[in-house]
Amino acid sequence: MGIATAVDDAAKLATSRTGHGRRRVVGLLAVVAALLLACALSLAVGTQNVSLSTVWQAVTDYTDTGDQWIVHDMRIPRTVLGIVVGIALGLSGALIQGITRNPLADTQILGINSGAGLFVVAAIAFLGLRSMWSQIWCAFLGALFAMTLVYLIGMTGRTMVTPVRMLLAGVAVGAVMEGVSFSIRLRNPRAFDSMRYWDAGALDGRSLSVVAVVTPLIVLGALACLYVSRGLNAIALGDDLAVAMGVNVVRARVVGLVAVALLAGAATAAAGPIGFVGLMVPHAVRWFTGPDWRWICAYCVFAAPALLLAADVLGRVVVKPGELPAGIVTAFVGAPVLIWLVRRRNAAAL
């Protein structure tokens, strides 16, 4: 009662002061429309373009013809996977930024994706685990291990982690884990062949069975995000004020970090390490949402998959008849965004 009432009152006060109510609704409709457009492009555009009428027929009245087969068997699984993975990346990015009060936080930058990838590579190379379920749980454990390690390294004595210290710790941990992972792959041909294309972060080549495996875990992580987001508005004001408002800060952080590991681990196991989506989207949607983390998380559910699908479509177009993996495209776009955020004087206040 105390936590919900205090946070709800704070959110309502912020809304009345900034006048974001109408903008939030209009912006959410625009983001949903952008996601629908990205889905249509993902189904229609590629090495062989397909008309929207053929796409519609493949969805509603499938016959095993050339173009309809491309849409039904190749692009629908790819698009659905992009939606699910995009949701996981967006929510994990928003959660880790809100929990740590670090505007530069992202699962790729902080080495969380690298930890997930390392554990998956080790499971394939040393244990021979190739099922999607085993890889997902290994990725979850790796993400949780990397995140805990970054948090511990970023702490000095008993002081809280600062954004810059956590960023440096994440880069260091990520580099070490990437190096270890690469060494294992070089010495183990089986692991190298399995991870070669996955390591770039790509949506193609996966079936709907992969989506069926990762979706329950991502839904669980999203529910945990919904629970934690109610307290992020108070945590943004500082731990002392959050405690005074009735928020259990320790519990919120623990649940949130486990949710981040679950979301990032599932996304990494399904599509490989795709970075910068969780960094860019929470910052982009703040223009509509303001500082209310509940709205930021809601926007990320639609904006992050729209961005990921757009990156995937762009990767199909720029090097026709070949393709660039979506992870490479998001890196090209996300790296300048990271530089811009670092250079901003008021980045720490975001």
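Using N, Cα and C of the backbone, Cβ positions are placed for all residues, glycine too.
Note that the structure is predicted; figures quoted are calculated from it, not measured.
Pulled from TrEMBL:
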- 25-45: transmembrane segment (TRANSMEM)
- 79-97: transmembrane segment (TRANSMEM)
- 109-129: transmembrane segment (TRANSMEM)
- 136-154: transmembrane segment (TRANSMEM)
- 166-186: transmembrane segment (TRANSMEM)
- 207-229: transmembrane segment (TRANSMEM)
- 254-281: transmembrane segment (TRANSMEM)
- 293-318: transmembrane segment (TRANSMEM)
- 324-342: transmembrane segment (TRANSMEM)
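By the Cβ criterion (distance under 8 Å, sequence gap of 6 or more), the transmembrane segment (166-186) is counted as touching the transmembrane segment (109-129), at least 3 such pairs being found.
Long-range Cβ contacts of the transmembrane segment (254-281) within its own chain (Cβ-Cβ under 8 Å, at least 6 residues beyond either end) map to 81, 84-86, 88-99, 104-109, 112-114, 116-117, 120, 132, 135-144, 147-148, 151, 197-203, 206, 210-211, 213-214, 217-218, 220-222, 224-225, 227-228, 299-300, 303-304, 307-308, 325-327, 330-331, 333-335, 337-338, 341. Listed as Cβ neighbours of the transmembrane segment (324-342) (distance under 8 Å, sequence separation of 6 or more from its ends, same chain) are residues 82, 103-104, 106, 109, 197, 200-203, 271-277, 279-280, 283, 307-308, 311-312, 314-316, 318, 350. Just going by CB pairs under 8 A, the stretch in 79-97, 207-229, 293-318 that sits most against the transmembrane segment (25-45) is 293-318.
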